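Colleague: Pasting in a structure now, in structure tokens, and then I'll have a few things to ask.
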Amino acid sequence: MARLVRVARSSSLFGFGNRFYSTSAEASHASSPSPFLHGGGASRVAPKDRNVQWVFLGCPGVGKGTYASRLSTLLGVPHIATGDLVREELASSGPLSQKLSEIVNQGKLVSDEIIVDLLSKRLEAGEARGESGFILDGFPRTMRQAEILGDVTDIDLVVNLKLPEEVLVDKCLGRRTCSQCGKGFNVAHINLKGENGRPGISMDPLLPPHQCMSKLVTRADDTEEVVKARLRIYNETSQPLEEYYRTKGKLMEFDLPGGIPESWPRLLEALRLDDYEEKQSVAA
């Protein structure tokens, strides 16, 4: 099986799938809180020297993939999105394809068994390519998954991205993909006014170039009914998961203040990475 490698130690994923199918997963060992969770006095570290092992949580459409992908590029670690793994399996016409299609189109969560199997295969492939560290996006989604993950490796930090539900619905309904190049875009223009002490949120659409305009397609599961069902299911399952990581001192909750131009610099600051990006830009 694949191994999740960290500096000065490694955590074997041997038996990762078998652990899941056992009646229960052993409780993971409590780890020291990530230095990124401390206040302004937190020491800055060189993330590339740490082979970071991070998890991104958040409702569907919040932008986990966008920010996890950017951090992946900045830190030089793989971004592993379980949603992408599911879509790749759907497109493969493999044995799980039809079953997954029914689950996704109904807005249901894919079972733990399937997700663990797909993730195990991805980690094995990554190890073969010499990858170390990771940023997980979309896993874990359940307490069972979190316990399994905690049993085989130490997570440094869990970033929980947040947006108001009405913004999430609009973002999901605005998602588009170019059927030719495969790039993702968003046609939603969001301008939520602030009220009751809550700041307003403005997000410009992420429009495609001219050559992609006529080739845009919508995901089958991005209908209002399905999106709201997914949000409801996520909210029901996320609270125990958030509390699990909160008690371990690993949860960082981050309210997105707007689109990428507003949110990215503030996220880097919260992660103590703002000066790191500047150094990377100078070195480039």
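Residue numbers in this text run from 1 along the chain shown.
Keep in mind that glycine also has a Cβ here, set from the backbone N, Cα and C atoms.
Keep in mind that this is a model prediction, so the values were computed, not measured.
Sharing the features that Swiss-Prot gives for it:
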BINDING   G61, V62, G63, K64, G65, T66, R175, G258  ATP binding site
BINDING   T82, R87, K108, L109, V110, G138, F139, P140, R141, Q145, R219, R230  AMP binding site
REGION    81-110  region 'NMP'
REGION    174-222  region 'LID'
TRANSIT   1-36  transit peptide
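Please go over these features one by one and say how buried each is and what sits next to it.
Modeller: Just so you know, the Cβ of G61 (ATP binding site) picks up 24 other Cβ atoms within 10 Å once every protein chain is counted. In the three-state DSSP scheme, G61 (ATP binding site) falls into the coil class.
Around K108 (AMP binding site), the C-beta neighbours below 8 angstroms that are at least 6 residues distant in the chain are A229, I233.
Below 8 angstroms of C-beta separation, residues 64-65, 68, 118-119, 122, 136-139, 141-142, 220-221, 225-227, 229-230, 233-234, 237 of the same chain, each at least six residues beyond the ends of the region 'NMP' (81-110), sit close to that stretch.
DSSP labels the residues of the region 'LID' (174-222) in these numbers: 6 helix, 18 strand, 25 coil.
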Colleague: Averaged across the region 'LID' (174-222), what pLDDT does the model get? Just tell me the whole number, please.
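Modeller: Over the region 'LID' (174-222), the predicted model scores a mean pLDDT of 91.
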Colleague: Measuring Cα to Cα, how many angstrom lie between V110 (AMP binding site) and G61 (ATP binding site)?
Modeller: 17
Colleague: Express the distance between the Cα positions of G63 (ATP binding site) and F139 (AMP binding site) as a whole number of Å.
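Modeller: Approximately 14 Å lies between the Cα of G63 (ATP binding site) and that of F139 (AMP binding site).
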Colleague: Count the Cβ atoms, other than its own, that fall within 10 Å of the Cβ of G65 (ATP binding site), considering every protein chain shown.
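Modeller: G65 (ATP binding site): 18 neighbouring Cβ atoms within 10 Å.
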Colleague: Write out how many residues of the region 'NMP' (81-110) are helix, how many strand and how many coil, based on DSSP.
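Modeller: DSSP composition of the region 'NMP' (81-110): 19 helix, 1 strand, 10 coil.
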